[in-house]
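Encoded as structure tokens, the structure appears first; notes follow it.
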Amino acid sequence: MASTANMISQLKKLSIAEPAVAKDSHPDVNIVDLMRNYISQELSKISGVDSSLIFPALEWTNTMERGDLLIPIPRLRIKGANPKDLAVQWAEKFPCGDFLEKVEANGPFIQFFFNPQFLAKLVIPDILTRKEDYGSCKLVENKKVIIEFSSPNIAKPFHAGHLRSTIIGGFLANLYEKLGWEVIRMNYLGDWGKQFGLLAVGFERYGNEEALVKDPIHHLFDVYVRINKDIEEEGDSIPLEQSTNGKAREYFKRMEDGDEEALKIWKRFREFSIEKYIDTYARLNIKYDVYSGESQVSKESMLKAIDLFKEKGLTHEDKGAVLIDLTKFNKKLGKAIVQKSDGTTLYLTRDVGAAMDRYEKYHFDKMIYVIASQQDLHAAQFFEILKQMGFEWAKDLQHVNFGMVQGMSTRKGTVVFLDNILEETKEKMHEVMKKNENKYAQIEHPEEVADLVGISAVMIQDMQGKRINNYEFKWERMLSFEGDTGPYLQYAHSRLRSVERNASGITQEKWINADFSLLKEPAAKLLIRLLGQYPDVLRNAIKTHEPTTVVTYLFKLTHQVSSCYDVLWVAGQTEELATARLALYGAARQVLYNGMRLLGLTPVERM
């Protein structure tokens with residue numbers, strides 16, 4: 001791999017002076033930062049405004065017709081001056097140098113257009129040498145983040161909310177890693193509670209050892225459904241201690257008291273379920289560092305939490321239950337029960353205990369909970385309680401929320417498990433692929449490709465809009481190769497691969513030393529400008545925690561590549577021109593590959 005100073009060493013090769021480096025900028029790995037530094041430095045000389053105020057005021061444009069960066073003059077807060085007049089004066093005086101093609105005033109804005117020739121000489125070699133590392137940047141030093149995501153309940157369906165948490169959390173974990181954080185991926189399972197008493201009693205009645213080993217998640221769910229049916233049918237006709245409910249309570253009590261025999265069965269259920277989850281998550285390119293769960297929160301931590309609540313004067317009793325009145329700190333937060341009248345703790349207390357345990361163990365710099373927006377109140381109460389307990393690290397907790405998925409069900413009915421969704425997507429994708437007989441005949445492992453493309457369909461549909469928005473799960477739209485879908489991204493990647501294969505006589509070593517000044521067409525210039533944006537897209541995504549930032553960028557990129565095919569031919573050109581164009585396509589494929597991997601997809605080579 002080339003050194004990360006590649007961009008700056010390239011500047012030296014071109015005998016171009018490097019602009020002064022602004023705070024929090026990374027010009028060695030981000031061309032847009034290099035441009036920001038140049039613009040800030042030069043605009044400061046013209047305007048007399050400090051460059052440290054100009055740098056953060058530079059914004060992305062919403063269309064490339066408005067340039068690559070713009071500055072709204074009102075953001076500089078210059079008293080007594082007309083922003084439109086200043087924009088005109090400063091734009092006229094601005095030196096384009098090697099960096100810019102033109103500078104234009106547009107109302108109270110100045111628009112800066114990067115020089116595509118200059119960009120090509122820096123960006124294309126940078127992408128081709130850094131490969132998978134292009135886009136990554138060490139934004140922080142020695143910082144640790146825990147990301148808790150997915151968190152299904154054992155023996156209950158893995159519903160749409162878990163799917164969204166898994167996809168968004170997987171993306172965030174990859175993003176934080178790319179930008180220099182040490183990431184701990186954590187799955188906090190619903191693996192404790194009275195339902196395990198029910199499961200144990202149910203397993204004695206309806207369990208099957210072979211079925212448990214073969215498919216623990218479905219089998220335990222079937223047992224759970226049947227035992228709940230028994231409870232329903234019994235009603236109040238049997239004395240509590242003889243009833244199914246009574247036996248389940250008694251069993252869970254044994255678990256809570258540490259009875260080895262009771263815990264042995266529970267451990268088997270938990271371990272088998274985790275093994276099955278590991279396989280399913282692997283299909284989404286997710287590997288957890290820690291499988292935690294409600295069961296892992298020690299009794300000591302919860303008792304310590306309740307003692308601390310009392311010590312800080314946060315609690316009061318009501319009919320034997322212990323409550324915390326949070327309205328004193330924020331009227332919207334209401335009152336939270338932390339201990340029931342029978343002395344048992346609630347989910348909230350368990351979460352507080354878990355957070356305390358985690359800080360003790362990992363000393364994280366940040367902890368992110370990827371949980372549905374229905375839990376907004378719960379998360380806000382939980383964070384406020386930790387803050388009022390006096391924990392300095394409470395400010396480092398963040399809730400990344402998301403909306404609902406509507407209409408997710410399979411052919412066989414409405415109870416949905418993640419592996420059912422993935423299997424059905426694979427089958428449907430396979431059916432779609434078979435319709436094109438010629439292409440289908442060329443695919444070496446069609447089922448494997450159908451699986452990867454199908455998974456892309458599910459994931460892109462989920463990440464396409466802002467995460468807070470609800471969306472409808474639509475098979476037809478999702479599996480289409482037309483429009484902005486996962487299969488379209490896969491198709492775009494495989495087509496770029498085929499361009500490379502068809503010109504295999506021109507080696508990748510030649511690409512880096514190509515004459516990029518031959519890339520003169522407007523379509524090529526636009527593509528080069530887009531490729532330079534990728535590192536900045538990642539930095540923007542970490543501010544908003546929005547996967548759609550990356551998804552939208554990848555669709556822009558693939559649409560532009562598609563426009564290039566009509567005008568930038570490789571076949572039948574002189575070797576010099578073919579090499580330059582091939583280098584551009586190779587760089588575009590690398591950036592598309594990097595973006596797809598970041599989102600959790602596996603790009604396919606042929607389809």
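Heads up, the Cβ atoms here are built off N, Cα and C, so glycines get one too.
Within the set 127-138, 151-162, 475-486, the record from Swiss-Prot flags 151-162 under the feature motif ''HIGH' region'. Per Swiss-Prot, the listed range annotated as region 'Interaction with tRNA' is 106-111 (candidates: 64-69, 82-87, 106-111). Looking up Ser15, Ser150, Ser373, Ser563 in Swiss-Prot, the residue bearing an annotation of phosphoserine is Ser15. Each of the recorded positions Ser15, Ser150 was scored by the other Cβ atoms within 10 Å of its Cβ; the lowest score goes to Ser15. Rounded to a whole number, the C-alpha distance linking Glu148 (L-arginine binding site) with Ser15 (phosphoserine) is 48 angstrom. Those residues noted as binding L-arginine (Glu148, Phe149, Ser150, Ser151, Pro152, Asn153, His162, Tyr347, Asp351, Gln375) have their most widely separated CA atoms at a distance of 18 Å. Around Glu148 (L-arginine binding site), a 10 Å sphere centred on its CB holds 23 further CB atoms from the protein chains shown. Across the structure, Asp351 (L-arginine binding site) and Ser15 (phosphoserine) are spaced 58 Å apart at their Cα atoms. Using a 10 Å Cβ-Cβ cutoff, Pro152 (L-arginine binding site) registers 25 neighbours.
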